[in-house]
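Q: Pasting a structure here, questions to come.
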Amino acid sequence: MHLPPAAAVGLLLLLLPPPARVASRKPTMCQRCRALVDKFNQGMANTARKNFGGGNTAWEEKSLSKYEFSEIRLLEIMEGLCDSNDFECNQLLEQHEEQLEAWWQTLKKECPNLFEWFCVHTLKACCLPGTYGPDCQECQGGSQRPCSGNGHCDGDGSRQGDGSCQCHVGYKGPLCIDCMDGYFSLLRNETHSFCTACDESCKTCSGPTNKGCVECEVGWTRVEDACVDVDECAAETPPCSNVQYCENVNGSYTCEECDSTCVGCTGKGPANCKECISGYSKQKGECADIDECSLETKVCKKENENCYNTPGSFVCVCPEGFEEDRRCLCTDSRRRSGRGKSHTATLP
């Protein structure tokens, strides 16, 4: 049995395995703990003024202010920590609910930073900023300004990573205090380093202008005390093909296509053609279409034939009511009737 093409394609699609899903990266224990603490802190903020009358009476201070440290408030905060469908959040909360209650009841005043107490010291899931790894070692450059403030410490704030510096653009070195090629040191002392970009003409530099170049970038050359652009388009051998023209840009050049009417060119448009393609001629300084139908010598040779100009050429067409016959004549089809006679005009 032969299936029709559409049915065969449909059957093939049914048999193909479904596309593999790209596995999303699961949050780390530190990220989960931090998210839980953020929700807890938000819950504290949301309930901070609840059940307070806003006055200053002794009764409010004695009775209503008890809510601030109450288990009722804690319960309201806890109920808003995890969405019902967030399994990992609910699992983490269930495992450590008693510890959060203990912090609320007895440790809150002594250790007001819940993240530091819960995620760093209790669960040992995270590290303080500026430290990394299983033992929360200091990042390169110290915990106060890791990587000299010019990079990111690998594993910063987590129990992972190796503490190495991933430098920001413009910086290099193990502590991110040295400047990359294309940058120079605007400020540097024992604690700070600030690198800024060189002029575009410099590969390396000691200052912000083209006169501060130590080495010129490719496409630039030193003239006296500064790096200046090389005009590649002025080279003895042009860098572009015969059907292109060259445009110089800072540090480089581009090759652009000549106008479609040109045979070789020196710039953009039909006014910059070296020569014109067939069917075009120089008119008022640029290549323009030749109207062959207006020439003194007829280009359409057949009798009754009409000439129509086209860009770069022309067409010869028999008018309506005429047909082109085998003798290269335009025969009036309206007069080809009766007694086998054909009324045609013949060329001399």
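Placed from the backbone N, Cα and C atoms, the Cβ positions cover glycine too.
The model shown is predicted, which means the values in this text are computed figures rather than measured ones.
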Q: Swiss-Prot tags one of Asn189, Asn250 as N-linked glycosylation site; which one?
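A: The residue tagged N-linked glycosylation site by Swiss-Prot is Asn250.
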Q: Match it up for me: which of 34-37, 78-81, 226-229, 262-265 does Swiss-Prot list as motif 'CXXC'?
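A: The listed stretch tagged motif 'CXXC' in Swiss-Prot is 262-265.
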Q: Look up motif 'CXXC' in Swiss-Prot and report which of 30-33, 246-249, 326-329 it refers to.
A: 30-33
Q: Disulfide-wise, see what Swiss-Prot says Cys293 is paired with, picking from Cys287, Cys300, Cys307.
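A: Between Cys293 and the options Cys287, Cys300, Cys307, Swiss-Prot records the bond with Cys307.
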Q: State the disulphide partner of Cys316 as given in Swiss-Prot, choosing from Cys276, Cys287, Cys300.
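A: According to Swiss-Prot, the disulfide partner of Cys316 among Cys276, Cys287, Cys300 is Cys300.
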Q: Just choose from Cys167, Cys195 the cysteine that Swiss-Prot connects to Cys176 via a disulfide.
A: Cys167
Q: Over the span of the motif 'CXXC' (262-265), count residues by DSSP class, listing helix, strand and coil in order.
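A: Counts, helix then strand then coil: 0 helix, 4 strand, 0 coil.
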Q: Taking 10 A as the limit, how many CB atoms besides its own sit near the CB of Asn250 (N-linked glycosylation site)?
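A: Total other Cβ atoms inside 10 Å, all chains included: 13.
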Q: Given Cys262 (disulfide bond) and Asn250 (N-linked glycosylation site), what distance in Å do their CA atoms have, once rounded to a whole number?
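A: Counting only the Cα atoms, the answer is 27 Å.
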Q: Quick one: of Cys30, Cys153, Asn250, which recorded positions lie within 10 angstroms of Cys300 (disulfide bond), measuring between C-alpha atoms? Sequence order, please.
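A: Among Cys30, Cys153, Asn250, not one has a Cα sitting within 10 Å of that of Cys300 (disulfide bond).
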Q: Tell me which of the disulfide-bonded residues Cys30, Cys293, Cys307 sits in the most Cβ-dense spot, judged by other Cβ atoms within 10 Å.
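A: The most densely surrounded of these disulfide-bonded residues is Cys30.
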Q: Going by Cα-Cα distance, pick out whichever of the disulfide-bonded residues Cys153, Cys167, Cys176, Cys265, Cys316 is nearest to Cys293 (disulfide bond).
A: Cys316
Q: Among Cys30, Cys167, Cys265, these being the disulfide-bonded residues, pick the one whose CA is nearest to that of Cys318 (disulfide bond).
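A: That would be Cys265, nearest by Cα distance.
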